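Participant: Supplied in structure tokens, the structure appears directly below.
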Amino acid sequence: MKLFVALLVSALAISSSFAFDPSQLQDICVAVDEPKNAVFVNGKFCKNPNLTVADDFLFRGINIPRNTNNSVGSIVTMVAVDQLPGLNTLGISLARIDYAPSGLNPPHIHPRATEVIMCVQGELYVGFVLSNQLGNRLTAAVAISSLSSQNPGVITIANAVFGSKPPINSKVLTKAFQVDKKIIDYLQSQFWYNNHS
């Protein structure tokens, strides 16, 4: 029995030491929907490298301002592997975020990526949820976000908590947020806008 436990522990230790994101096996792996004569890598099929063209690595329109006339006053133009197939297996994506004056990008997380953001125009009030001090003058702004994943995902907190289907039990939310049930009922009844295009 001791030998079996020792072998089991060794096997688990060895298998976990090899758990990592795979390195690229080829220079490029342009994502394609059609698997004919393709290789499946990182959730996408790879185009034959001999058939790649410059347009596989081109996204037109990141320079075009988008309409921010919506309930949150912002719009996100995502450029990930689904919009730019040449990003497949490169572990990177980017987004343009247009803001109206006083617009916001609702609190969110990227479950598969780290994000770096650069304000290109205007001023942004950004950061961690640590403080409630707003002293900034609010202007229209544009930001470029770079993410450490070809498919970073996004979870908008308000949508996930108050717009989930089926809804999270109001008793749980009332206790978690320490507010009256009427507030939770009101928040769950709202339409939560998705500003990611």
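Placed from the backbone N, Cα and C atoms, the Cβ positions cover glycine too.
What you see is a predicted model, and the numbers here were worked out from it, not measured in a lab.
Found this in TrEMBL, in case it helps:
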type	residues	note
BINDING	N105, H110, E115	oxalate binding site
BINDING	H108, H110, E115	Mn(2+) binding site
DISULFID	C29-C46	disulfide bond
DOMAIN	60-185	domain 'Cupin type-1'
SIGNAL	1-19	signal peptide
Participant: Return the average pLDDT for the domain 'Cupin type-1' (60-185) as a whole number.
Facilitator: 82
Participant: Cα-Cα, whole number of Å: C29 (disulfide bond) versus E115 (oxalate binding site)?
Facilitator: 23
Participant: Express the distance between the Cα positions of H110 (oxalate binding site) and C46 (disulfide bond) as a whole number of Å.
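Facilitator: Computed Cα spacing between H110 (oxalate binding site) and C46 (disulfide bond) is 25 Å.
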Participant: On a simple 10 Å Cβ count over all chains shown, which one of the disulfide-bonded residues C29, C46 is most densely packed?
Facilitator: C29
Participant: Under 8 Å Cβ to Cβ from H108 (Mn(2+) binding site), same chain, six or more residues apart: give me those in sequence order, or none if nothing qualifies.
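Facilitator: Expected: V154, I155, T156, I157.
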Participant: Taking the Cβ of N105 (oxalate binding site) as the reference point, list residues of the same chain whose Cβ is under 8 angstroms away and which are at least six residues distant in sequence.
Facilitator: V72, S74, V76, I97, Y99, N195
Participant: Are there residues of the same chain, six or more positions away from E115 (oxalate binding site), whose CB falls under 8 angstroms from its CB, and which are they?
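Facilitator: Those within reach of E115 (oxalate binding site), by Cβ under 8 Å and sequence separation of 6 or more, are S145, S146, L147, S148, P152.
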Participant: Other than H108, H110, E115 themselves, what residues in this chain have Cβ atoms within 8 Å of the centroid of the Mn(2+) site's Cβ atoms?
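Facilitator: Not counting the recorded site residues, we get I109, A113, S145, L147, P152, V154.
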Participant: When DSSP states are grouped into helix, strand and coil, how many residues of the domain 'Cupin type-1' (60-185) land in each?
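Facilitator: Within the domain 'Cupin type-1' (60-185) the tally stands at 22 helix, 31 strand, 73 coil.
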